[in-house]
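Taken verbatim from Swiss-Prot:
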BINDING   GLY14, GLY15, SER16, ARG17, ASP64, VAL65, ASN91, TYR156, ALA157, ALA158, ALA159, LYS160, ILE189  NADP(+) binding site
BINDING   SER143  substrate binding site
ACT_SITE  TYR156  active site, proton acceptor
Amino acid sequence: MDITLVGKKVIVTGGSRGIGLGIVKLFLENGADVEIWGLNEERGQAVIESLTGLGGEVSFARVDVSHNGGVKDCVQKFLDKHNKIDILVNNAGITRDNLLMRMSEDDWQSVISTNLTSLYYTCSSVIRHMIKARSGSIINVASIVAKIGSAGQTNYAAAKAGIIAFTKSLAKEVAARNIRVNCLAPGFIETDMTSVLNDNLKAEWLKSIPLGRAGTPEDVARVALFLASQLSSYMTAQTLVVDGGLTY
């Protein structure tokens, strides 16, 4: 038994940058064929050009995961092409930070729709095919914010906490069909999402991390690879924290 993903067909939502891109790269290097879902087609095509030749086949589909119709259509197109889906990584996410008293309803709804409701759309679209195959791995990307909270992020924290609960519940529904559903909870990871934070806030975060550094997308991707592979074949309904010891 090893960590290879040769022959596996994979969808990674939000896979054109940050943690998602790190996961896509590592999966390709380990032999998987990966379709990236995102909104920015120009960025997606540039990413494909940079990743071609890494190992598996890579493609891009423009998908708004907050709309069920588009998700269903793209899952069907993926199945028409590959005839199966082995691994789904739900990584797409946005932030619309503000104190609750100043947060607009649109800021609340857009984060919940993209970060949480999208899992209902993607998972409900692929799960029947995984059930038929009696095989599959779903990896949902949450955040340590779900566990510790974050001022100014009630919408984001609520969505990420919902992902953890969703993961546990879906895992119990489909375990008998040999489908595993697990979750990642990254901490402070150097991505374009965290690059906008001011230096003082970054410094405070780093002081709280026992390992003394921010994480990288590759740090998270290696754990995702473990969950996608047969090395974790007896794991489901779990949330693996990747935060350098911040929430020990």
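Using the three backbone atoms N, Cα and C, a Cβ is placed for every residue, glycine included.
In this structure the C-alpha atoms belonging to ALA159 (NADP(+) binding site) and the residue listed as 'substrate binding site' are separated by 10 Å.
Applying an 8 A CB threshold to same-chain residues 6+ apart, the list for ASP64 (NADP(+) binding site) reads LEU39, GLY70.
Of the recorded residues, the residue listed as 'substrate binding site' and the residue listed as 'active site, proton acceptor' place their C-alpha atoms 9 Å from one another. Counting only the Cα atoms, the space from ASN91 (NADP(+) binding site) to the residue listed as 'active site, proton acceptor' is about 13 angstrom. Taking CA atoms as the reference points, ILE189 (NADP(+) binding site) and TYR156 (active site, proton acceptor) are 16 Å apart.
Note on ILE189 (NADP(+) binding site): other Cβ atoms within 10 Å of its Cβ, all shown chains, come to 21. For the binding-site residues shown (ALA157, ALA159), fewest C-beta neighbours within 10 angstroms: ALA157.
Counted over all residue pairs in GLY14, GLY15, SER16, ARG17, ASP64, VAL65, ASN91, TYR156, ALA157, ALA158, ALA159, LYS160, ILE189, the record's binders of NADP(+), the longest Cα to Cα distance measures 24 angstrom. For SER16 (NADP(+) binding site), other Cβ atoms within 10 Å of its Cβ number 24. Neighbour list (TYR156 (active site, proton acceptor), Cβ cut-off 8 Å, at least 6 residues apart, same chain): THR95, ARG96, ASP97, VAL111, ASN115, SER143, VAL145, SER150. In the three-state DSSP assignment, the secondary structure recorded for ALA159 (NADP(+) binding site) is helix. Following the DSSP three-state reduction, the secondary structure of ILE189 (NADP(+) binding site) is strand.
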